[in-house]
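Note sheet for the following structure.
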Amino acid sequence: AALREGYEHFDPRAYLRNNYLPPRADFSSEEFVVPWKLRCLAETFASGEIRGRTLIDVGSGPTIYQLLSACDHFEEIVATDYLAVNREELGRWARGEPGAFDWSPFIQHVCKIEGRGEPWQDKERRLRERLRRILPIDVHRPEPLGAPLRPPADALLSAFCLEAVSPDRAAFVRALAHVGNLLRPGGHALLLGALGESFYLAGPARLPVVPLEESDVREALAAAGFALRELRSYAMPPALRTGVDDVDGVFFAHAQK
């Protein structure tokens, strides 16, 4: 209930400013956090192993960067978020409305690291075409969408969601198991998340986070019925510790149900 109340004050634009504009969204070096996240996703999807009809993005927030490498490998992408303000922000971008957040630097960077010489506008158009549904979700329910996803997703992606909406590690494990119900057996799960973070700011909202270590991520995935394929971590450099959170680092996990 306390988490729910806190998120009533969540400001999507403040969250985007804090995390997806410079200094954190600096593409001048692969050493910065946003290029690191994009490279993890690009390299994992480049294997060609993770593909199918449907990918579900759990807790999309107001962001689409996490879907840029995924959109080439799925017929449909389903974005989800608990907050209507985030779903509205995503809808503005998907419809190409004036005033939507400008993700073009992210799209250009992903096209560059994927190395296919593709015009970035083509990738933008393809993601908009494949982002067909933006649904409400509650990861604390056994059926997070209120009903089973039919057919189940071939892959699941979730970035900076589960640890930020769970009051403790046990709730984090339960939420991970709940979202696993949306995935077919053998399906792939890709997670990006915070390490050692206890809070973050989004405008007037100061939101608690479960501080995780790499060992917590490994144990939670196993407890929720996933086999870990890969785990990478990134240490947040002092220049990117801007006071909008107390994050120590970021993890990227590839697991399979």
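Along the chain as shown, the residues are counted starting at 1.
Any Cβ shown, glycine's included, is placed from N, Cα and C.
Taken straight from TrEMBL:
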type    : residues                                                        : note
BINDING : Tyr15, Tyr20, Gly59, Ser60, Tyr65, Asp81, Asn86, Asp138, Val139 : S-adenosyl-L-methionine binding site
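Close to Gly59 (S-adenosyl-L-methionine binding site) in the fold, though at least 6 residues off in sequence, lie Thr80, Asp81, Tyr82, Ile137, Val139, Ser158, Ala159, Phe160, Cys161, Leu162, Ala164, Val165, each with a CB less than 8 Å from its CB.
All protein chains included, Val139 (S-adenosyl-L-methionine binding site) registers 24 other Cβ atoms within 10 Å of its own Cβ. Taking Cβ-Cβ distances under 8 Å and a sequence gap of 6 or more within the same chain, the neighbours of Asn86 (S-adenosyl-L-methionine binding site) are Phe10, Pro12, Ser60, Gly61, Pro62. Tyr65 (S-adenosyl-L-methionine binding site) has a Cβ environment of 19 other Cβ atoms inside 10 Å. Other Cβ atoms within 10 Å of the Cβ of Tyr15 (S-adenosyl-L-methionine binding site) number 23 in total over all chains. Spanning the residues Tyr15, Tyr20, Gly59, Ser60, Tyr65, Asp81, Asn86, Asp138, Val139 that the record associates with binding S-adenosyl-L-methionine, the maximal Cα-Cα distance equals 25 Å.
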